[in-house]
Amino acid sequence: MISLDEAVTARLESHGTRFEVLIDPDAALAMKRGEFDGELEDVIAAEDVFENASRGDRPPEEDVEEVFGTTDPMEIIPEVVRRGEIQITAEQRKEMLEQKKKQLINKITRNAVNPQMDDAPHPPERIERALEEAGFTIEPMEPVENQIDDALEALRPVIPIRFDEVTIAVQLPADYAGSGQAKVREFGDLEREEWQNDGSWVGVVTFPAGLQNEFYDLVNEVSQGEADTRVVKEEDEISRR
């Protein structure tokens with residue numbers, strides 16, 4: 001379950017009675033779209049149906065049975081969400097907006113590069129300033145993934161930016177290959193690998209281009225700076241947005 005602070009209220013009024021449930025805002029939106037595929041108990045703050053959630057008042061059991069045909073909260077909660085309205089306070093909206101902003105900036109930072117600077121990653125501060133300069137409005141009740149394309153469209157007149165992936169070949173010397181290759185392979189999608197006769201390990205890894213600095217830091221850490229790396233895909237072969 002989630003905490004009360006993380007939950008929003010979904011409200012349905014039917015047959016003269018109000019029914020309220022406490023649920024995670026992203027899960028509530030997914031339910032409304034018919035896209036929720038998680039565990040209900042993981043996204044609710046209470047396994048209960050209220051008439052007034054803030055006071056803890058519950059509706060009469062006969063009213064619940066009449067409207068939903070059951071008194072089981074786990075069956076009723078999704079119905080209230082799908083058929084009802086999602087209520088958020090001003091404070092919740094502010095907190096959700098800040099959270100979505102951080103998620104959006106992080107998503108763009110991890111995946112975007114500056115094509116005018118040899119595809120160098122954009123730092124989060126630059127993305128944040130550019131979004132503000134572009135006047136982009138973040139929707140607190142909308143999933144971040146659904147806002148990415150609009151954010152990129154708003155950013156392009158302000159800064160040079162492109163969503164990209166990069167594929168890099170790494171050769172770890174034999175002294176570091178055993179433990180180092182496990183960490184390197186987990187960083188992205190391992191395209192191929194090969195153990196050399198001298199005990200060294202060669203792997204080809206694809207990951208979001210915005211993470212290049214982190215990747216090189218990892219490679220240097222696991223090999224004490226003795227690994228070799230090179231980009232193996234040309235720009236026009238890389239998936240982009």
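From the backbone N, Cα and C atoms, a Cβ is placed for every residue, glycine too.
As given in TrEMBL:
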- 7-94: domain 'Ribosome maturation protein SDO1/SBDS N-terminal' (DOMAIN)
- 102-163: domain 'Ribosome maturation protein SDO1/SBDS central' (DOMAIN)
- 167-233: domain 'Ribosome maturation protein SDO1/SBDS C-terminal' (DOMAIN)
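Summarised by DSSP class, the composition of the domain 'Ribosome maturation protein SDO1/SBDS N-terminal' (7-94) is 36 helix, 21 strand, 31 coil. In terms of DSSP secondary structure, the domain 'Ribosome maturation protein SDO1/SBDS central' (102-163) contains 36 helix, 7 strand, 19 coil. Summarised by DSSP class, the composition of the domain 'Ribosome maturation protein SDO1/SBDS C-terminal' (167-233) is 27 helix, 25 strand, 15 coil.
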